[in-house]
Amino acid sequence: MGITGMVYVVTMVFLLIVLILSSSTVGYDYFQFTQQYQLAVCNSNRTPCKDPPDKLFTVHGLWPSSMAGPDPSNCPIRNIRKREKLLEPQLAIIWPNVFDRTKNKLFWDKEWMKHGTCGYPTIDNENHYFETVIKMYISKKQNVSRILSKAKIEPDGKKRALLDIENAIRNGADNKKPKLKCQKKGTTTELVEITLCSDKSGEHFIDCPHPFEPISPHYCPTNNIKY
């Protein structure tokens with residue numbers, strides 16, 4: 001190998017090291033705990049869901065996020081402790097793959113690799129990631145369906161005002177603003193997702209930043225939101 005070739009190899013190795021180091025230092029400022037309404041998710045899918053959807057909000061994911069963006073993803077794994085099988089029956093209930101429940105594990109693995117790996121040090125390892133989600137949804141009562149139900153907002157297909165939905169969620173989230181995602185199907189706007197946001201420690205609710213803009217297909221209008 002000539003001098004030119006050696007210089008090229010050294011340069012490429014250096015750039016690779018820089019890339020690895022930069023990817024491992026991508027930070028996050030807060031967590032998004034996003035739950036999806038199964039019925040609306042299946043309505044949005046071109047291929048019918050393999051199983052009948054429940055009229056429930058279940059977990060989409062817990063995502064370390066950046067105020068300034070972009071959000072971190074696919075970060076280096078620092079501590080190896082695989083997901084314990086004893087967690088899986090609970091995860092199957094609160095965190096199903098709505099499109100195909102026979103592929104729950106693939107869904108969980110994807111969420112861990114893309115998002116959970118970036119939650120260090122708050123999220124220590126894979127098992128801790130899933131334990132944290134179970135705790136948030138059940139022990140910390142961040143189940144969006146129950147929060148709405150307490151405010152007498154049930155999944156009966158009625159059309160709701162945005163403010164009524166937001167206020168109901170605020171009552172269960174220390175008066176912090178959630179992030180709502182909607183979709184338009186024909187002339188009907190459906191509520192698809194609700195996100196609760198917490199600080200970097202995952203212990204304290206914060207107002208969710210970055211709401212969908214009016215030009216977004218996921219923007220929720222002030223009235224006539226079907227749930």
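Cβ atoms here come from the backbone N, Cα and C positions, even for glycine.
Since the structure is predicted, the reported quantities are computational estimates derived from the model, not experimental observations.
Positions annotated as active site by Swiss-Prot: Glu111. The active site, proton acceptor annotation in Swiss-Prot covers His115. Per Swiss-Prot, RNA binding site is recorded for Gln36, His60, Asn97, Val98, Phe107, Lys110, Glu111, Lys114, His115. Annotation comment: Swiss-Prot describes Cys42-Cys49, Cys75-Cys118, Cys182-Cys220, Cys197-Cys208 as disulfide bond. Per Swiss-Prot, N-linked glycosylation site is recorded for Asn45, Asn143. Annotation comment: Swiss-Prot describes 1-27 as signal peptide.
Shown on the structure are the features that Swiss-Prot records.
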residue : record                       : contacts (Cβ under 8 Å, 6+ apart)
Cys42   : disulfide bond               : Pro48, Cys49, Pro53, Val98, Phe99
Phe107  : RNA binding site             : Trp95, Pro96, Asn97
His115  : active site, proton acceptor : Gly61, Leu62, Trp63, Pro64, Ser73
Cys182  : disulfide bond               : Thr189, Glu190, Leu191, Val192, Phe212, His218, Tyr219, Cys220, Pro221, Ile225
Cys197  : disulfide bond               : Tyr30, Phe31, Gln32, Phe33, Ser65, Lys176, Pro178, Lys179, Phe205, Ile206, Asp207, Cys208, Pro209
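Calculated from their C-alpha atoms, the gap between Asn143 (N-linked glycosylation site) and Gln36 (RNA binding site) amounts to 11 Å.
Around the Cβ of Asn97 (RNA binding site), the number of neighbouring Cβ atoms within 10 Å comes to 19.
Annotation note: Asn45 (N-linked glycosylation site) sits in a coil segment as assigned by DSSP. Rounded to a whole value, the Cα-Cα separation of Cys75 (disulfide bond) and the residue listed as 'active site' is 12 Å.
According to its DSSP assignment, Cys182 (disulfide bond) is in a strand.
Among the recorded positions Gln36, Glu111, Cys118, none has a Cα sitting within 10 Å of the Cα of Asn45 (N-linked glycosylation site).
In the three-state DSSP reading, Cys197 (disulfide bond) counts as strand.
Each residue contributes its Cα atom, and for Gln36 (RNA binding site) and Cys118 (disulfide bond) these two points are 22 Å apart. When the disulfide-bonded residues Cys49, Cys75, Cys118, Cys208 are compared by the number of other CB atoms within 10 angstroms of each CB, Cys49 has the fewest. When each of the recorded positions Gln36, Asn45, Asn143 is scored by how many other Cβ atoms sit within 10 Å of its Cβ, Asn45 comes out lowest.
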